[in-house]
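Asker: Per TrEMBL, the features are:
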{"type": "DOMAIN", "residues": "45-144", "note": "domain 'HD'"}
{"type": "DOMAIN", "residues": "388-449", "note": "domain 'TGS'"}
{"type": "DOMAIN", "residues": "631-705", "note": "domain 'ACT'"}
Amino acid sequence: MYMFSDLKQELLTYLSPEQIRQVYTAYQFAAKAHSGQQRHSGDPYISHPIAVAKILAQMRMDVQTLIVAILHDVIEDTSIEKNVLTSTFGREIAELVDGMSKLTQIQFQSRAEAQAENFRKMLLAMAKDIRIIIIKLADRLHNMRTLSAVPAEKRQRIAKETLDIYAPIAQRLGMHTVRIELEDLCFSNLYPWRYRTLQETVQKNRRKHKATIHKIESSLKECLDQHHLPFHAIWHKKKHLYQIYKKMRENHLAFNEIIDIPIFCIIVDSIDSCYRVLGAVHNLYKPLPDHFHDYIALPKANAYQALHTTLFGPFANSIHIQIRTTTMDNGADHGIVSYWLEEKKNKSSDLRPHLRAREWLKRLLDIQQTTPSSLEFMETIKIDLFPTDIYIFTPKGDIIELPHKATPIDFAYAIHSDIGNHCIAARINKHLVPLNTHLQSGQTVEIITDTKTFPDSRWLEFVVTGRTRSHIRQFFKAKQHNEAVQLGQRLLDNHLIPLGKDSTHLNSKNLGKTLQKFQCDSLEDLLEAIGLGYIHPAIVASSLCGLKANFKNPINSLPLFLKDTKNSLINYAECCRPIPGDEMIGLLNAGHGLTAHLQRCKYALRLIKKNPERAISIQWEKQTDGFFKTDIRIETLNQHGVLAQLTHNIAKAEANIENIKVESHDRRHSVVHFTLSVLNRKHLAKVIRSLRTIQYTVKITRHLAL
C-alpha cells in the first residue's frame, strides 16, 4: 500500500520542507475526500493518487504538479466541487484538477463517444498546460501497474485504449521510459501467452549472447580511449518486449532477425564529441550504407536527438550505435518532462523541443476545431499521434516533417490549407509525380495549384495525416452545407411562389413561429434542413404563409429544374438511372437530399404510395451539362471478339464505359451489362443504333433494376 511516508522519502531528495508541507496538506484533503472509497484491489482509494504523485516525484516534477496528482480524482469521484479547490489551493491548481476530470454530467450514446469527448476535453486542458498530460500519463501508468485487480473485460478495454492512445502520446512527447512500460504492460494484458513466451525466449537469448555483448562494449571503450575521446557511459540497450513483438508482426520477421542486431548507446558531453565518436566507431567497424541518421541536425518530431549508425560487427553480425549527449539522453528517457523542467529553471538555451510539443498540441487543436464529431476526431487523432519520421524540403529549403507514407497532398496541407485545397499536381525533385506518391526523406517537393480546382473525395483513400483528412472533410462539409442551403432555397421558393411569396420576403412573425416549430436557429438552418431532405418544403411554405400542408396532392408546386451532377445532394437513382430527356419524379431522402427517379420507376412509385410527403416535382433544364450514367442490357451470340466489337462501337459513339458485367445466358447466347455515361436520350439512342449494326447482337434494352 502506498502511504504518504513512501512519497515523502522521494520528496526529501529535491523539495524544501515548506514544499513538502504543501504536498502533505493536499494529501490530508484528498484522504478525507476519498474516505471510505476503495480500489478494485481492496486498497484505500487514496493509495492511487499517492502512487501517481510518487511517479511524478521520480521525474522531479514541481510542487503544483504533485498537488494536482494527489487531488486529480477529487472533483470526478467525490462531492468536492471546483470552487472548493479554488478557495483551498488556488485557481491554478483547481483549473489543472478540473482539466483532469472526465465529463460525468453528460449522457453519451456510447462508451466510445464518451471516451472521445473526454479526450477532447483533456486536449483542450493540456494545450493550456502541458502538465495535464504528464499527470494523465502517470495516472494511466499506475492504473496499468495495478490492472490485474480489474475484471477481465474491463482490463482488455483499458489495455487497448492505453496502447492506442496513451502510449503513442508518451512516444510523441518523448517520454520513452513511460512509453516502454505502458506498452509492455498492455502487451502482457492483451496477449498474456504471447508475452510470456516471448519473455522466456528473450531471456534465453540474452544469456546466450552475454559474452558477445561484453566483448563489443569493451572494444568500443578501448577504441574511444585510443582516440582520447572522453565518454560518460557505453551500455547495451535492451529492446523491450512489445517493440520486438510489433516488429515481428509488422515486418513479418523471425525473432532472430530482430534480436540479433544489438544496440549500444554512447553518452558524451557535447555535440562536437558526438561527431568525433561517430568517426572513431566508423574506423573501428565498417558502416552499412544508407544506415546513418543524423537526428541531431534533424531531430525527430518528439524532439529526440542522437546520431544513429549501423555497423558490420566483429562476429559477422550487424550492430546499431546511438551517440548522444547527457542532455539528449535525459530527453530521450523523459522527453517533454526534462525540457519543461529546464524551461522552468530558465537554464535551457534551446527550448525548441518544448516549442515543438506545443506546435503539435496546436495542430491537434486545429483538428478538433474542424472536426465536430467526437468519434471522427478520435480516429483522426490516432493517426496524428505517431511521430513523424520523414523530412521533406520546400523549393525554398524549408523543412516539413511528415509521417511515413505521406503524400504530396499531405505535404501541401502541411504548408497551408489553401494550398492543399487547390492542389492539382506535384513535382518531386523537379519531376511530375502522381498525387498518391509516397514521399521519401530528403526530397524537394513543389506543389502546383489552381484556384479553380478543389479537393477530390478520393484523396481520403490515401492521405495520411490527421490534419489533411480533417481539412478535406471540412471542405466537403462546408460544400455540402452551401449546396443544402441553395437547394433548400430553390425547393422552398418553388412552393412559395404559387402562394404569392418567396424566401427573400417573409413575414417575420410567421418566420419566427416556423423556426421555433422546426427547432431551427435561423432561416439558413431551415433552408439547410430542407435541402438535406429532413423537412418537406411544402410543410415549411404552408407554415410561413399561415396555412395547413396538404399531401393528398403532393406535387402542387413549381418543378425543380435539374441541369448537371455537380450538386452532391441531388442524386440520380441507381435503380433506374434517369438521363436528360426522361420524365422524372423526385424523392426526399432524410440526410441525403433529393433523389431523381424515372417517373415509371416501380420502386419510386411504391415509396410515394407509402409516403406521399416525400415526393417533389422535378424536370430537366432545356440545356444540360455533362454526362449521366445509364444501364443497358445486350443479348449476343457467343462469338469470338463480340465484346471487343461492342466496346469499339460504344467508344465510336462517344460514350464512356463505366462498368461491364458479362454473364452466360445459355450455350449459344451471352448477356452483357454495360453502365455507360451519355449526354442524354438522343446520345443513348445513337449508341444503341451503333450497337445494332453488329451482326451478333440479338437484343438491346435499357436495363432497369426494379
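The backbone N, Cα and C atoms fix where each Cβ goes, glycine too.
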Asker: Quick one: DSSP breakdown of the domain 'ACT' (631-705) into helix, strand and coil?
Answerer: 23 helix, 32 strand, 20 coil
Asker: Any idea what the model's mean pLDDT is for the domain 'ACT' (631-705)?
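Answerer: Overall, the domain 'ACT' (631-705) comes to a mean pLDDT of 90.
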Asker: Per DSSP, what is the helix/strand/coil residue tally across the domain 'TGS' (388-449)?
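Answerer: Final tally across the stretch: 13 helix, 23 strand, 26 coil.
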